[in-house]
Amino acid sequence: MRIVITIGGSILLKEYDNKKFEDYAKIIRQINEDHEIFIVVGGGRPARDYISVVRDMGETESICDEIGIQVTRINARLLQLALKDVSYPAIPVNFQQALEFSATGKIVVMGGTEPAHSTDAVGSILAEYVGADLVINATSVDGLYDKDPNKYNDAQMFSEVSADKLMEIVSDNDTKAGTYEFIDKTAIQIIKRSKIKTVIVNGNTPENVKTAITQPIGTLITE
């Protein structure tokens with residue numbers, strides 16, 4: 001299968017060390033034995049910190065996005081280094097480059113591409129562009145909920161949810177840089193039109209990404 005894996009920056013950079021990068025590299029190498037892999041990495045805390053500084057300078061949200069994108073590419077480079085020789089030794093800046101790099105048979109790791117696109121959106125667009133069979137979104141919680149589980153104890157997780165229902169849930173969310181709490185509208189629209197199987201899992205345990213390929217786990221988004 002051709003698989004796109006999106007990994008939130010907060011997953012890889014909960015602590016400023018190499019452990020999570022190495023843990024993910026180990027699992028991804030295992031998956032790569034049987035599948036073709038593309039990876040999209042988010043910005044996490046470093047991106048939020050830099051964006052906060054830029055926003056305090058009075059810059060536009062587009063500039064904030066630009067800074068965030070640069071951070072995602074640094075994070076992507078760190079994961080690419082952890083993967084060593086199984087990964088392509090450069091970070092693509094657009095989807096065409098990602099597809100071209102994949103022709104080498106190497107794992108392709110990338111960060112953001114366009115302003116106002118979350119990691120989820122980039123992963124979904126990449127999946128459509130390269131004709132992926134599966135998207136696995138590694139987040140900081142067990143799946144998708146009807147509201148933020150970090151704020152509400154009564155939040156209910158979906159084992160399966162339609163793209164239309166998801167759109168209702170996120171319709172009131174804003175799109176400020178670095179503030180994506182669920183999965184953004186662009187990602188949902190791409191999932192709906194492309195009909196690519198998408199699974200949301202808890203990425204704090206890297207093994208969950210491998211499990212999602214063959215077993216029910218987290219939240220399955222349906223068209």
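Here, residue 1 is simply the first one shown, and the rest follow in order.
Yeah, the Cβs are placed from backbone N, Cα and C, and that goes for glycine too.
Secondary structure at T139 (ATP binding site), taken from DSSP and collapsed to helix, strand or coil, is strand. Annotation for T139 (ATP binding site): spatial neighbours G8, I11, I200, V201, N202, G203, criterion Cβ-Cβ under 8 Å with sequence separation of six or more. Taken from Swiss-Prot, the feature ATP binding site covers G9, S10, G44, R48, T139, Y145, D148.
Reduced to three states, the DSSP call for H117 (UMP binding site) is coil. Non-local neighbourhood of H117 (UMP binding site): I125, D184, T186, each in the same chain, at least six residues away, with C-beta under 8 Å from its C-beta. The UMP binding site annotation in Swiss-Prot covers G43, D65, T113, E114, P115, A116, H117, S118, T119.
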Number of Cβ atoms other than its own within 10 Å, given for S10 (ATP binding site): 18
For G44 (ATP binding site), the three-state class that DSSP assigns: helix
Nearest of the binding-site residues (T113, P115, T119) to D148 (ATP binding site) - Cα to Cα: T119
Sparsest-packed of the listed binding-site residues (G9, P115) - C-beta count within 10 angstroms: P115
The one of T113, T119 whose CB sees the fewest other CB atoms within 10 Å, among these binding-site residues: T113
